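Take a look at the structure below.
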Amino acid sequence: MTDKVRLTTMVQAAGUAAKLGPAGLEEAIHDITRSDDPNLIVGVEGAEDAGIYRIGDNLALVETTDIITPLVDDPFTFGRIAAANALSDVYAMGGRPVTAMNLAFFPACSLPTKVLAAILAGGSDALKEAGACLVGGHTVEDNELKFGLAVTGLIDPARVVRNCTARPGDLIVITKPLGTGIVSTAIKAEMVEPVLEAEATRWMTILNAQAAELMVACRATAATDVTGFGFIGHACEMALGAKVTFRIELARVPVIPGVPALIDDGLVPAGCYRNRQHYEQHVSGKSGDPLLPLFDPQTSGGLLITFAPDDARTFLSRAGEEGLFAACIGEVEPAGGTPLVFV
């Protein structure tokens, strides 16, 4: 039975914690230059979540891909989380996913094919909910299991939400709590309570579709999704890109209940420490273990959004009415000192 397979024991690191760290990635892509195609709206020059390519006066493609290792043991659930994680980059830009292709790296010598079938079914389940069409895919026989999607979306070029356009005076909102990387590490070690595992899994399987639609309707000034570089890494990208400072109230940043206890037990992914090593120079006001959940690599994390104050209040009100989680956690200020200040 596929439900008895422990996928997390077959990989070195779980989910987005397996991604190349920010320092190594910056070095690897340093010499890649932007295309001079006039229809390219968003390319490789920044830290954006997806590329944007104009195909008409009021229409552009949103292009992204994302592949992760298992962070839960159930194959179907892993497939759904991996798909939700890949779709999220389109949502973060304000786009609507329309097509996707499976990307599967599978250890055929150590796992039965029915495990891959269950993973693909989980991915298809997320795509169906998103209203996107699966149009193909590619498989590679590999020693370590990985799955993800290449996703194409559509967007009006005038309504693209970038991650580098926050403005002083904006309020900062997040739409999911933090801590999934830490919980995934505990799952791999078989040191997590079932209730906590179920709660983290629930958050990771939720699509950012509804939050993104509301974000666009409420005129977000900037947005990203919180993934492998953790909350602090992605918030730094936003603040540095916009040349502003994010003032964050640490007590208001939502963390999945039970995560601090896992930190006390030493169940922290290596990616969390890599993120801290790279980004702590950009942080002031607070330090130490209270910030570890904010360095934690997230998989299928929430949207981190900035709004003008009135629009933020509208978003929070409507999110509550629609049953969406959302928390206002800080304010954008003119640049001064470090990009992130915690109070």
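Even glycines carry a Cβ here, placed using N, Cα and C.
Feature annotations, reproduced from Swiss-Prot:
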ACT_SITE  U16  active site
BINDING   K19, G46, A47, E48, D66, D89, G137, H138, T139  ATP binding site
BINDING   D49, D89, D225  Mg(2+) binding site
SITE      K19  site 'Important for catalytic activity'
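Feature map: annotations from Swiss-Prot on the structure.
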{"residue": "A47", "record": "ATP binding site", "Cβ contacts under 8 Å, 6 or more apart": "N163, C164, E237, G241"}
{"residue": "D49", "record": "Mg(2+) binding site", "Cβ contacts under 8 Å, 6 or more apart": "T64, S88, D89, A92, M93, N163, T224, D225"}
{"residue": "D66", "record": "ATP binding site", "Cβ contacts under 8 Å, 6 or more apart": "A82, N85, A86, S88, D89, G148, L149, V151"}
{"residue": "G137", "record": "ATP binding site", "Cβ contacts under 8 Å, 6 or more apart": "M101, N102, L103, A104"}
{"residue": "T139", "record": "ATP binding site", "Cβ contacts under 8 Å, 6 or more apart": "N102, A104, F105, F106, L116"}
Remark   = Residues sitting within 8 A of the centre of the D49, D89, D225 CB atoms (Mg(2+) site), not counting those, run A50, T64, S88, V90, Y91, A92, M93, T224, T227
Request  = Please work out the number of neighbouring Cβ atoms within 10 Å of the Cβ of D89 (Mg(2+) binding site), leaving out its own Cβ.
outcome  = 26
Remark   = Neighbouring CB atoms within 10 angstroms of the CB of D225 (Mg(2+) binding site), all protein chains considered, total 27
